[in-house]
Structure formats: C-alpha cells, structure tokens
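Colleague: Input: one structure, supplied below.
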Amino acid sequence: MLDWVGLLLRTVLLYSKAIGVTNFEFDWSSGRVFTTSLSTLYATVVNFIVVTLLGYQFTGSSRLFGNVSKLHEYVIIVLTVLRIIAGLITLLNRWRQRCQLMKLTSRFIRLFLSRPEALRISRWAILGKFLVASLTDFLQIAISLEAIGRVDSTLFLGMGLQFYLSAILNLAIAQHFLVMLFVRTDYQLLIRELRQVIGESKGLSYHQQRKGAFMTRCCDLADQVEDIARRQNELNSIVDQLHEIFGIQGLMVYVGYYISVVSTTYLTYSVFKYGYTDMGLTHRSVFLALTWCFFYYLDAILNFFTTLSVLDGHKELVRLMEDRTLFAIGLDIRLEQSFESLQLQLARNPLRMQIMKMCTISHSGTLAMFGSLVTHSIILIQYDMENF
C-alpha cells in the first residue's frame with residue numbers, strides 16, 4: 001500500500017531544502033539529525049543570492065498602480081515591507097538558532113517514531129494542509145506570471161523575490177503546524193489512555209479482586225499513569241521550545257495576518273471605489289487575487305485552530321483528573337501517588353502559549369482580535385472616505 005503521507009512529508013522536506021530553508025540533514029528511520037558541508041553550502045549560496053537580488057531590487061523604483069490615493073499606496077508599501085522583513089527574519093533565524101532547530105527536530109522525530117498511531121490519525125489534516133499551502137503558493141506564482149507585460153522588469157523581479165520570501169515564511173509556518181498537529185494528536189491519545197485508566201481504577205476501587213491480582217493490576221495502572229505524565233511533560237517541553245525558537249517569527253506572522261486582513265478589507269473597498277482598471281488590474285488578476293486571499297486565510301485558520309486545539313487537549317486532560325474524586329477508598333498507595341503526581345504536574349506546569357511574552361494565544365484573545373480587526377478596518381475605510 002502506498003504510504004502517501006510519508007510521500008507528502010518527504011516532498012515538503014525536499015522543497016524546504018530546494019529553497020534554502022533547511023540547512024541540515026536528518027534520517028527519518030533513526031531520528032539522527034546532522035549537518036553536512038553540502039547542505040550548509042547550498043543553503044548559504046541560495047540565501048546569499050536572494051539577499052543580493054533583494055538589495056539590487058531596492059535600488060530601482062517602479063509603479064504598479066495607477067490613479068489611486070496615497071493611503072492606498074501606503075497600505076501596499078506597509079504590507080510589502082512587512083512580508084519582506086518577515087521572510088528575511090525567517091532566513092536569519094534559521095542560521096542563528098540552527099542548533100536549537102536541530103535539537104527540536106530530533107525530539108520531534110523521536111516523538112513521531114514512538115507514536116506511529118499519531119501519523120495515522122493526522123493523515124487527513126496533513127493532506128488538507130499540504131493542499132491549501134500548495135494552492136496558496138501556486139496562486140501567488142500565477143499572480144506574478146499574470147503581471148508580465150503590465151509591469152517592468154524591476155518590479156517583476158521584486159514580485160518574484162516577495163514570492164520567494166513568502167514561500168520561506170509559509171514553509172516555516174507549515175513546519176510549526178506539523179509539530180503542533182502531532183502534539184495535538186498525542187494529547188488526544190493521552191486523553192484516551194487516561195480515560196481508560198481512570199475508568200478501570202474507579203472500577204477497582206469499588207470491586208476489589210483477590211489481593212495478588214488487585215496489587216498486580218494497580219501496579220500496572222500506576223505504570224500507565226507515570227508514562228502518561230512523562231509524555232505530557234515531554235509535550236509541554238516541545239511546545240515551549242517551539243515557541244522559543246519561532247518567537248520572533250510568530251510575532252511577525254501574527255502582525256502580518258492582522259495587517260493583511262485590514263489591508264485586504266481596505267483594498268477590496270478600493271476596487272469598488274476606483275475600479276480595477278484605474279488600479280492597473282484586470283479581470284483575471286482580480287480573480288486570482290481573490291482566490292489567493294481565500295486559500296491564504298484558510299491556511300491561517302488551519303494553523304490557528306490547530307494551536308487552539310492543543311490548548312483544548314490540555315484542558316481536557318486537567319478536567320479528566322477531576323474524576324479522581326469519584327474513586328472509593330482502598331486503591332494501592334502507589335497508584336494513588338501516581339495520580340497525585342500527575343495532577344500536581346498539571347497544576348505546576350500548565351500549558352501556556354505566548355508569542356515572545358507579548359501576546360497570549362487563547363480563545364478569549366481570538367475573539368478580542370476579531371473585534372479589533374473589524375474596528376481598524378472600518379477606521380481605515382472611514383479615513384479614506386473623509387480625506388480622499
């Protein structure tokens with residue numbers, strides 16, 4: 001049977017190497033992560049060429065849009081500069097935290113190899129992410145190719161470099177997504193196992209068997225609880241390390257999505273106000289841009305809600321531990337201590353997701369962000385209506 005999930009993951013790996021994002025090697029079968037002269041040299045050359053072309057592109061000037069307001073131009077400039085900075089920061093971070101990335105990759109592969117069931121559960125989510133991310137990149141290529149003949153060579157080069165930097169950032173986001181997806185899946189497995197252990201422990205507390213069989217079963221359940229605690233601690237550690245490594249990238253992505261939503265709302269209003277012809281656009285370019293926006297924001301939603309689902313999994317694990325109050329007195333002391341240790345661990349080391357200790361990811365924070373997006377979009381449109 002064709003292992004299409006493994007094929008997709010290998011395709012992503014080859015793509016990341018081709019564009020110079022991954023500057024080290026690893027072996028899926030053994031989990032070994034290492035560097036080679038070839039991988040280092042290739043990534044260095046590709047990154048150097050991109051930075052050089054980007055510097056050359058900034059020496060020229062061009063104009064893409066026609067008769068539009070200054071505010072419209074400022075919005076485009078801010079959006080473009082932000083994407084370029086985010087891409088460059090991603091490249092720099094790949095070298096600055098190379099060792100930390102290698103350690104995280106090694107831990108992720110070990111987690112992946114120890115839980116093969118997680119791959120089976122996550123296969124459709126991986127496929128969905130691959131299709132959405134691929135369509136987003138292909139549509140951006142189509143937008144650049146459609147602009148041939150309407151823009152000069154300098155601007156076309158700039159659009160190509162923007163696509164490359166966006167592809168780098170999107171790939172970094174995809175890698176973050178894969179780690180969070182496997183963490184979420186492992187939490188689901190932990191919840192299932194903990195629910196079974198609690199159910200069996202509850203039954204033992206009310207219907208005790210012969211002394212020998214009872215002690216043996218309690219010891220086996222205590223081992224399972226200790227294994228759940230060990231794996232939960234490992235998952236928390238991986239999430240903390242992930243957000244430490246991707247901290248500044250996460251901040252740029254968060255700001256980028258925010259400004260992109262506000263800008264897209266304003267640009268859509270501008271199309272109706274000025275007409276797409278006055279903005280130097282065509283029917284085809286407008287259609288491609290709208291389609292790209294759909295998949296771009298769909299990709300953002302997949303990333304964001306996967307992260308929130310990890311928080312939900314941790315909360316469910318904490319809630320399950322409350323069922324200990326339903327146990328009758330009489331369980332083995334070691335099993336009781338295992339449950340107490342896990343509960344204490346969950347209380348002392350709660351799962352928190354913060355972006356450089358500036359933004360906390362939570363359900364309430366998400367609702368507040370959506371409200372702020374609507375407010376700032378309206379303010380920008382009102383400013384345009386009053387002044388242009």
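Cβ from N, Cα, C; glycine included.
Nobody curates TrEMBL annotations by hand; they come from automatic prediction.
In case it helps, TrEMBL gives these features for our protein:
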type: TRANSMEM; residues: 33-54; note: transmembrane segment
type: TRANSMEM; residues: 74-93; note: transmembrane segment
type: TRANSMEM; residues: 124-143; note: transmembrane segment
type: TRANSMEM; residues: 163-183; note: transmembrane segment
type: TRANSMEM; residues: 251-269; note: transmembrane segment
type: TRANSMEM; residues: 289-311; note: transmembrane segment
type: TRANSMEM; residues: 361-383; note: transmembrane segment
Colleague: Are the transmembrane segment (251-269) and the transmembrane segment (33-54) close, by which I mean at least 3 Cβ pairs under 8 Å that are 6+ residues apart in sequence?
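Modeller: These two segments do not touch.
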Colleague: State the non-local partners of the transmembrane segment (74-93) in its own chain: residues 6+ outside its ends, Cβ under 8 Å from one of its Cβ atoms.
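Modeller: Hits for the transmembrane segment (74-93): 20-21, 47, 50-51, 54, 64-65, 161-162, 164-166, 168-169, 172, 245-246, 248-249, 252-253, 255-256, 259-260, 263, 266-267, 380.
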